[in-house]
Structures are given as C-alpha cells and as structure tokens.
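Have a look at the structure below, then the notes.
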Amino acid sequence: MSALKRTALIVFNAFIAAVGRLDKSLSPSDTLAKLQKHKWRASDSVYIFHFLSASFWLTIMTAPPFPYKLLIPILYTIAMLIPLTSQFFLPATPVFSWLIMFYSNGFIPLQYRPNPSVSLLPTLETVLYGANISDLLTRFTHPVLDILAWIPYGVGHYALPFVVAAFLWLFRPKEALRFWSTAFGYMFLIGVIVQILFPCAAPWYELIYGLTPANYGVKGSPGGLIRIDSLFHAHGYTTAFGNSPLVFGAFPSLHSAAATIEALSVSHFFPQTTTWVWVYAGVLYWATMYMTHHYLIDVVGGACLATMCFYFFLPEELKNTVAATSPPGTNLSLLASTGTAKTNGNLPAYRMGTQRSKYDIYDLEAPRDRQRNGKGRTGGVVGGRGIMAEAAAEFELDESEDEFASETGDGERHPGDEEDITYRPTLQKAAGKKLNGEKKSEIVAGGANGHRHTASIARLIRGPDARGSIDQGEEGWRSPMSAGFVFPPRNGKGKETDSRNLTFV
C-alpha cells in the first residue's frame, strides 16, 4: 500500500471514529438537562460579554434590515439547543462573536469613529528598524513571487484554520479543539477591537494616495493581490477587499497573527510538523509586506498577539507534551493527576503514548542494547519503528548469555564482567535425571538458548546460591510469614545447617 493510500485510510478511520464519538442527540431537552446540572464558575461570565456584544452589533446592523436580522440569533439559539450542533457552536462562540463584530463595525456612525492614521506606522517602522522594510520588499515583483506570496496569504490564511480544527478533532483530545477555537476566536476578537479603536492605513494606501489624510469614504484595495486577479482573469480579491467593512485595519496584522497561532498550535499538538509550519509562517510574514497590506511593525504586533493568546488560553492539562499528543478519548484530568492516561475506548497504554518503561518506573539504567540502538518511548515512530513495535519492545527480553559473552571477545563470561542486577538467568527444566531414586526434572540456569527475565524481589533476596536447595529437591526459599519457614535453613538430610557455615550475599 502506498504512503498516500495509507494516509487516506488513517484519516478515514479517524473520521469514522470521530463521528462515533459525537453526541447525535437532536433533543433540546438533553441540552437543558445538562444546563441544569452544570456547575457555574466565574469563567462562565464571559458569555455575558458575548451576549452584550452580539446585542450591540445586531442593534446597529442595518443590513439585513429588521426583522430579517433576527434570524441570526434565532438560528444560533437553535444550534445551541440541539446537542448535535451545540458541541461545535458552543466552543466556537468567540469566533462568531468576532465575525459579527467585524461585519457590523462598518455600520458605526462616522461621528463616533476615530480618525485613521496614515503616517504613524511607517514612522514607527523607520524609527524601530532603521528603514521602511515593507517598502523595500515591494520594489521588485515577479509572477513567481506573486504566486509564492498568494498561496499562504490569499489561500492558506482562509483554509488552514479549518484544516487545523479538523485534525485536532480527528487525532487529539476534545480539549485541544476547544482550546483552538477559544484562542483563535479571542485573538481575532482582540485584534478587531484594536483595529476599530486605533485605525491605521496599510502600505497600499501610501502607494496610492501618499500621506494625505484618510477618511472612511475610501474603498479598500487588494494591493498586490490585484496581480493575482489579473493573472487568473478574475475580480475576486478586488471585489472582496473593495467591500471590506474594516478598511483601516493594518495594525495588528491578523494574517501574521493567524499564521503564528497556527504554527504554535500545530507544532505543539503535532511536533513532527514543527519545521514545516514555521516555514509557512515565515513565508506568510514576507507575503503580508510583499502584497502591500502590512508594515513590518504590523507583522510583529500580530505575532505578539498570537503568542500571548496561545499561552494564555492553553489549559494546564494540555501543556504537557504527552497530554497534547495523546489520541482522542484521553482522560486528561486523570493524566494530569496520576501521570497515566485512561480512554473511553479502553485503549492500551502504548496506544496512548503515555506508558512509561519499566526502567523509568523503577529508576533503573536501561540495558545496553537499548542504549546502543537508541530506543525510547518518545511517542510515534522511533528509529523507524511504529508505535506497536515500540510497545512490544517494552516487553522484549534482554540479551541472551551467548550474546553477552560475544561482547567480551573470547566467548566466555568472566567473573568481573558487569551485570545488570535486575536480570537473572532463567531456570530451565531438563528431564532425565534421578535424585534419591526418583525421576525429577533438573532445573538449570542459563543455556545457549536461554532468556534472562526481570528478577523478582524474592530472587534478589535469596541470591544465586538459593538454587542449591532447589536442585536437591527441596522447596527452596520460603517466605518468613509462612508456617514452613525455618532458620537456620535445613540441608538436604533434614538437619539444621551450622550457622557458622552460612554465607550471606
């Protein structure tokens, strides 16, 4: 099976499993029952802010007119009452709050709007960075560079948030998707509030109008994206930016903010993609300036806003890498409190990526073969081995006697050779010997094909010389709590052993 087909099969199976985990109830009474049982916390008061914010923006909204605009809260309420849809709409409340704010800010009366600034951002960029960096990046253009900038700026910016949400839903605990919608929504919400209170013109305005004072009658411009419209003989970006309700929203750059929080989130929940997502973010930083939509200070401001939101909204149980990379269904509360994971689907520990090796549990040094091969339980594929292989490796037996002897160079084990005390030779039965006229099985240690198992506490206590009593047909070591325990031990003839001849190990 090719890698592409295997990946598609994994995604398909994850989708089927994710759908199976959904609450498919359509009864509003189930939602009301959950609401009655909900224990209210101080953090729940944020929904009062969302309610007041939505009420304000709906009030000043003139398109669609009343009463058609009432369909917006009605449909949202219905979606919140149905369990099947509420499990998506409730975490996405900050995102919807941002969308209605972004759209309705265009209806704010002119007398209440601050005057947009034209020269503030280029002046700050020159003072802080010694030059107008964004202007330097726009002096040379080429169709290849246009395509390279368009892919992240004009396509990835709008599509990648949904891709990240989908992968978190499919492959990570439900808390990860809730965090993503919360951090992403509040980041855009804060950004739009800043853009409304401190409106600033983008570089395209300086290129078209110079430093003349701006007013809200100016239509938005697609900037460098107009070359993409010309390349594809379309007018999509010209129409979209020309009708934008927020024309003077250069600072902070929400394009760079989105790329930053996407890179932080994806690298946190999918560490193997860290290099690629940060390369994407870097290209988008350049594209925002190349397309004449942002100054460098806008990019820095957006990145700082995203970083702040990421670490502020990241819950404590997801800060741990093991928890962040655990599969869906993981009980993160249990994982945070005990260091172990439990899933609704009774997944084994190695599938959870949370199982500690026996060497970590007992604070022991790993055997030599694990050190040489670099095997570890860091999750995913280690040294070309999959999760299942790594799980099996946790229970692999250690080197055999002949393998150890081969390391010495002469094929023999020497008394002075170092040996891991947590391992002892297994006892193998060899039938055919008779002791005291009875046929018994001889228990011997080691052997060419013998394995060495982890020693029990009892075997560590009794030491290697305890085999003598077993070889002689006795019961060997007895627990001090048992009735048959005798000290000093008896020899094979039932007589007590002289305590002066005892050897302690």
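Glycine is no exception: its Cβ is also placed from the backbone N, Cα and C atoms.
Annotations in TrEMBL come from automatic prediction, not curation.
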Listed range which TrEMBL flags as region 'Disordered', given the options 342-382, 465-505:
465-505
Annotated transmembrane segment segment (source TrEMBL; candidates 89-108, 269-288):
269-288
Same chain only, please: residues at least 6 beyond the ends of the transmembrane segment (269-288) with a C-beta under 8 Å from a C-beta of the stretch. Say none if there are none.
137, 148-150, 152-153, 156-157, 167-168, 171-172, 176, 253, 255-256, 259-260, 262-263, 294, 298-299, 303, 321, 324-325, 380
State the residues, same chain only, that lie 6 or more residues beyond the ends of the transmembrane segment (183-205) and have a CB under 8 A from a CB inside it; answer 'none' if no residue qualifies.
92-98, 101-102, 105, 108, 113-118, 120-122, 134-135, 138, 161, 214, 218, 221, 223-224, 246, 248-252, 254, 257-258, 261, 265, 289, 292-295, 298, 302, 305-306, 309-310, 312-314
